[in-house]
Amino acid sequence: MSILKIDGVTKRYANHTALDNVSFDIPAGCIFGLLGPNGAGKTSLIRIITQITGADSGEIYFKGEKLRPSHIKDMGYLPEERGLYKKMKVGEQLLYLAQLKGLTKEEATARIKEWVARFEIKEWMNKHIEDLSKGMQQKVQFMATVMHQPSLIILDEPFSGFDPINANLIKDEILRLRDNGATIIFSTHRMESVEELCDNIALINRSRKVLDGPVREIKDTYKTDTYQVIGNGQLMVTSPDFEVLEQHSNHGVFRASIRLLDGASPNDLLRYLIQRVEVHSFIELVPSINDIFIRKVKETYHA
Amino acid sequence: MHKIWLIIQREYLTRVRKKSFIIMTFLTPLLLAAFMVIPAWLATISDSEDVVMVLDESGLFADKLESKEDLKIIPVAAGSLEQAKMAYQETDYTALLHIPKLDLDKPEGIRLYSKKNTSLQVKFRLENMLEKEIESQRFMASGIDRDMLNKMKANITMTTVNLSESGERDSNVWVTSGAGIVGAVIIYFFIFLYGVQIMRGVIEEKTNRIVEVMISSVKPFQLMMGKIVGIAGVGLTQFLLWVVLSTIVVGGVQAAFDIKPTPTPIEQMQAGRELATGEEAAQTEESSQASTFSEVSNAISNLNFPLLLGCFLFYFLGGYLLYGSLFGAIGAAVDNETDTQQFMFPITIPLIISFIMSYTVVIQNPDGPVAFWMSIIPFTSPIVMMVRIPFGVPVSELLLSMGLLILGFIFTTWIASRIYRVGILMYGKKINYKELSKWLFYRV
């Protein structure tokens, strides 16, 4: 079942079109990557989903219902431009933001306690936001985003500004939230950073959707049956089943990219190689999302 | 509604808890008390007497100039002016009065020598004494008895009475004007002080980048109104605390130092005028001041306080809401405070004009056309109407003005919310009026 169905959404500003008839589904319980270069329209789409702005045409369905204001409290949004009230204490700030999302004071207090224990930040509660380091502020902001246990969490460029340790902490939290049933939308222009996290993606370029679907399927579609082999010996491929795309040799160690042709299986290639050389490494060369994106964009413009 | 209430609470509590708020709230009544105590205290210590040496070569004033409690006259034995000057130099007396031989019809050449500049008061009093003496001598010369003349003189103080449907009431022009001006000044300053706080608050949210987090939870309009109402609460709190604390502090000071209220500028002015009319006035000064005092307090007690207070609160809030939302819109349109100038200008102009007009044109002619129109137009009415109300404003005009003020702030709030919802998400763009007017009709 899809938690969010985006159906033909178009958004125009005074002198440019931010989104042009964009449609795709976001399945419930997955981590969804909304990918595309800067200025592609990701943030515009997110602002429509979070009802900060409205679409000029098209509809969005949240859990099968047309998007309406009451859905807001079932969403958590971490904008790219982050900020908190600098002069407020951490505890007050979290309480305030959680209450604005519709939690009662008691619920909010209980949740804050939970998160404080998880992030081990008890001693910060009475500190002012401005006295925290940037990384700590980001953690507080992340807590504020998910405090009300929304079923849809939208994170715009979530890892920008996080040091690697905190980024990993947040990654683990995101996976935990997903396992608890939440759906997470990642929006980023750094496609490689979310590749391993995302179950599904949509690629947006120049206000249009270029591609969407489960990462595995997309990769399967775009994979080229190419394998990288590293080993010892003199590699000479003569079989018509395989095509050598690239080959380097150095002091008897070779590195080659070999593509399978018409129905040959990886095992066929491996068997073929073992008879001739000493194989040290055999890996499928999977195109990265970035590669796919570039290819897809090129296709769209050449077509 | 629940969310807007949360926002109001936050805006209110964060400001009320600020050190600057607490300091301002408690310091102002203390300053007020200081204003009361220090002049009274200075008056008691500077009660030194003035001593004036008099060299009377005319012989007309010998024995006639009498020492007063705080102005002592010391006649100098006959001698030359030079001798007298030298004698004066050796003393620490205030001044040396030299009266040359005089022609009664043309008294000229009287001089007052002093080491430091003499105070105006000493000069006036000496002049008065001499004038009175010369007049007496002239009366004698023309055969008129001074006492006779005094009996013939009339002294009138008029009591102004307001005739209205609710009956006759003693009034006092000074009190009436004063009450209005005080209300107008307070409204003027509160609109400015707290309007700018709204603007700063919005800019702060924008530069902190919290605004996008906020409006993913609440509507921009809720955020804006919450801030405006919250800050209004801060303003009212401060105002009420000032009233209460001032009353306590002033009462305490009065009890502790046992001082009478220092005469208001009005009383001083009246006393001044009376002084100028001559000796008789001085004789009756005591009683006249007492009567002025009772007249003033009478007039104060005869002001329609419930009406005045009710109108004050209405125009206070109405004016604040009208301007406050515009200040909020400015905050949303710019990225930092230095960019606010060009937008502040058209907002501050009507405020400043109505402020200046209120204590010039309006106070002189509270029922004139300028006063009328300025008290009807919403942008100037909060200040100008406050000045007019103590003089009595027809109910129909008052209702018209209030109605228009309500429409006015609905209108400015609408404009502001349109600018606000676009502006808060707009960064790094220099905004001009053309751009701003487009925002009014953006579909967001």
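Cβ atoms here come from the backbone N, Cα and C positions, even for glycine.
Copied over from TrEMBL, here are the features:
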type	residues	note
DOMAIN	B:19-417	domain 'ABC-2 type transporter transmembrane'
TRANSMEM	B:21-43	transmembrane segment
TRANSMEM	B:173-196	transmembrane segment
TRANSMEM	B:228-257	transmembrane segment
TRANSMEM	B:307-331	transmembrane segment
TRANSMEM	B:343-364	transmembrane segment
TRANSMEM	B:370-391	transmembrane segment
TRANSMEM	B:398-420	transmembrane segment
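Contact between the transmembrane segment (B:307-331) and the transmembrane segment (B:398-420) holds: at least three of their C-beta pairs are under 8 Å, each pair 6 or more apart in sequence. Between the transmembrane segment (B:228-257) and the stretches B:21-43, B:173-196, B:343-364, B:370-391, Cβ pairs under 8 Å are most numerous for B:21-43.
In this chain, the transmembrane segment (B:173-196) touches the transmembrane segment (B:370-391); three or more CB pairs sit within less than 8 A of each other, excluding pairs fewer than 6 residues apart. If you look at the transmembrane segment (B:173-196), the same-chain residues 6 or more away from its ends with a CB under 8 A from one of its CBs are 160, 231-232, 234-235, 239, 264, 266, 296, 299-300, 303, 308, 311-312, 315-316, 319-320, 323-324, 326-327, 347-348, 351, 354-355, 358-359, 363, 366, 382-384, 386-391.
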